[in-house]
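Peer 1: Submitted below is the structure of interest, expressed as C-alpha cells.
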Amino acid sequence: MRPRLTFTSTDPTLGNCVIGAGTGANVGDPDLLGGTETNVPVAQNDPLATFDQRVPSNGVVHAVRGAVVDVVFAEPDLPPINSALVVEWDRPTALILEVHSHLDQKTIRAVAFQSTAGLARGVSVHSSGGPVTVPVGKAVLGRLLDVVGNPQDNGPALPDDTPRRSIHALPPLLKSQTGATDVFETGIKVIDLLTPMAQGGKAAMFGGAGVGKTVLVMELIRAMVEKYEGTSVFTGVGERSREGHELLTEMQESGVLERTVLVYGQMNEPPGARWRAPLTALTISEYFRDQKHKNVLLLMDNVFRFVQAGAEVSSLLGRLPSRVGYQPTLATEVAGLQERIASVAGSAVTAIQAVYVPADDFTDPAVTTISGHMDCVIMLSRAQAAEGFYPAIDPLGSSSMLLNPLVVGVDHYQTAEAVRQALARFRELSDIISLLGVEELGTADRLIVKRARRLQRFLTQPFMVTEDFTGTPGASVPLAETLSGCRAILDGEADEWSESSLYMVGTLADARTKEAAASATDAEAAA
Ligand SMILES: Nc1ncnc2c1ncn2[C@@H]1O[C@H](COP(=O)(O)OP(=O)(O)OP(=O)(O)O)[C@@H](O)[C@H]1O
C-alpha cells in the first residue's frame, strides 16, 4: 500500500479543509478514502500518481498580487504543480493555495482559493504533499459547501472520517463511457418538442444578460430534481449569493435537499474559488457515479463565470491573453471540465448548464468553445424576451442531437420539423409583413403566418418558479400533450381562436378553456 502522509496543521481552525494526501490515485482505495466506502474500480486514470510520495516542505510568502501568491521554499524540492499549500496564519479562516508554476529553483507561483486580504510577505506556508481534496460521500448530502468543501450552511462540521477526493482527475476511459440516448422529459413544451434532453447528456442554456437563464435552470431543477431518483449536485459559479440562498431555501422547502449537494463559488469570492468550484462539484458527482453507482444530475450556473475566473487567474499568473482577451488555455480548461462530465455503464451524469453570452455575441470564443461540448444547445433570444415570450428559447437557433427519428420516434420528429418550418417561414416573411402588411401575402403564406403566430404563443409556458411574480400558476406539460397540441395548431384547429388564448397556457385543452371563457365574456359584453 502507498505510504499515507498526514499533515498536521498548527491551525486548529483548518479542521475540515483541503489538506490531505488524497489524490486521484486514492480513488477506490478504502484505506485512503477513510475505510468506509466500497472499493469499486473506477474508469479513471490517475494523473497525480506520485503526489503522496513527496515530503511536505515549508516556505514563506514572497509576493502577493491579489489572488496570486509567490512562495519561496528553502530547499529546491518544490511542491509539484497542482499541489495544495496551506498558509499558516492566525486567522479564523483557512487560506489554501494551489501551485501553478515553478518560477525558479526555489519559487513557486500559486493561486489562492480564499481572499488574500491581510496576507503579508514572510508568512509561513506549508505544502500539504498532495493536491486539493474535497470531502465526498454521504456526509456531504444536504449540505452547502465552498470550493474546498467547508460547510457554509451554519450546520455541524463534517465527520472526521468523511472520505476525500482530489479535485483533479482524468475523464473515464473512452471505452468505459456510454452515450446518451434516453430522452429526459422536462415538462417544458418547447424543450421537450424541439431540444429534447438526454439522461446522461450535456445541455446548456446560452443567453445574454437578463433573458431568463437562471429562471429556466431553476424551473428545470424543480422539474427534474423531484422526478430524478439519483443525486443532484448544484454549482453556483460567479452568480449572485441571493440566488444561491433562494435555491437552498427552495430545496429545503420541497424536501429534495437531502439528495442534493450545493457547491458555491459566488461572485464575491476570489477568482481561484470561482475557477475551482465546478471541479469540486464534479469531484463529488464522480464519487457518487463511481463509488455509489448512482445517476447524478449536475447543474451549473454559470459556466461562463468559470471561464472568466480562468481569464482573471491567467492574467494574474502573467500569461499573455489570447483571442478577445481570453486566456490562451481556454479550450483546454473548458475541455478539462466538460470531458469529465461523462456517463459510465450503469451510472449516468446528466449536466445542465447556464452560459452567459457577453454582449449577446454568440460568436464569443467562450460561448463557441463551451457549445462544442454540448448534446443539447438551448439559445435564449432577447427578441423573444422583449415580446414576453417566456421561456425565451429561440426555436430555430437551438438544437439537440436527440432530435432524431431513431431516438425520439418518427411522429415526434415530424411534428418538430413541421413546427420549425412554420416558424422559419414566418421569420422569412416578417420583413415583408412589417413593410407591406400581412394582407399582401398569398393565401398559403397567410395561413402559415396565422399558425406560426399561434404556435409561437403555444410554446410559451407559465413556470412554477415565476408564479410569485407573474401571478399565473405554473404548468408542466407531458410530451404527448405538447405533440398533440402542436399538431392540432398546424392542422388549423386553433385558426379562429384569439392568439391570446394560446399565450402562457399549459396544454391545448387549457387554451381551449381560456378561449371559451374569453368568448363568453365577449358575448356578455356585446349583450
Ligand atoms: N419564464 C419566465 N417567465 C416570466 N418572466 C421571466 C421568465 N424568465 C425570465 N423572466 C424575467 O426575466 C428576468 C431575468 O431572468 P434571469 O434572472 O433568469 O435572467 P438571466 O439570464 O439569468 O440574467 P443574468 O445574466 O443577469 O443572471 C426575471 O427576473 C424575470 O422578470
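Cβ atoms here come from the backbone N, Cα and C positions, even for glycine.
Predicted automatically and left uncurated, TrEMBL annotations should be read as such.
Pulled the feature table from TrEMBL, pasting it below:
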type    : residues                                                       : note
BINDING : Gly207, Gly208, Ala209, Gly210, Val211, Gly212, Lys213, Thr214 : ATP binding site
DOMAIN  : 199-384                                                        : domain 'AAA+ ATPase'
Peer 1: Out of the binding-site residues I have (Gly207, Gly208, Lys213), which ones have their Cβ sitting under 6 Å from ligand 1?
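Peer 2: Gly207, Lys213, in sequence order.
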Peer 1: Write out, in the order they occur in the sequence, the residues of the chain not among Gly207, Gly208, Ala209, Gly210, Val211, Gly212, Lys213, Thr214 that have a C-beta within 8 Å of the mean position of the C-beta atoms of the recorded ATP site.
Peer 2: Tyr356, Leu380, Ala385, Ala392
Peer 1: By a simple count, how many Cβ atoms lie within 10 Å of the Cβ of Gly210 (ATP binding site), its own Cβ left out?
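Peer 2: Around the Cβ of Gly210 (ATP binding site), 12 other Cβ atoms lie within 10 Å.
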Peer 1: Given a separation of at least six residues and a C-beta threshold under 8 Å, show me what packs close to Val211 (ATP binding site) in the same chain.
Peer 2: Leu380, Ser381, Arg382, Ala385, Ala392
Peer 1: Which value does the mean pLDDT take for the domain 'AAA+ ATPase' (199-384) in this predicted structure?
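Peer 2: The average pLDDT of the model in the domain 'AAA+ ATPase' (199-384) works out to 89.
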Peer 1: Can you tell me the three-state DSSP label for Val211 (ATP binding site)?
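Peer 2: In three-state terms, Val211 (ATP binding site) counts as coil.
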Peer 1: Which entry in the list of binding-site residues, Gly207, Gly208, Gly212, has its Cβ near the fewest other Cβ atoms, using 10 Å as the limit?
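Peer 2: Gly208, out of the binding-site residues Gly207, Gly208, Gly212, has the fewest neighbouring Cβ atoms within 10 Å.
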Peer 1: Output, ordered by sequence, the same-chain residues six or more apart from Ala209 (ATP binding site) with a CB under 8 Å from its CB, or 'none'.
Peer 2: Tyr356
Peer 1: How many other Cβ atoms sit within 10 Å of the Cβ of Thr214 (ATP binding site)?
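Peer 2: Result for Thr214 (ATP binding site): 21 neighbouring Cβ atoms inside 10 Å.
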Peer 1: Just jot down the residues in the same chain as Lys213 (ATP binding site), at least 6 apart in sequence, with C-beta under 8 A of its C-beta; none if empty.
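Peer 2: Non-local contacts for Lys213 (ATP binding site): Met205, Phe206, Gly207, Asp301, Asn302, Ala354, Val355, Tyr356, Leu380.
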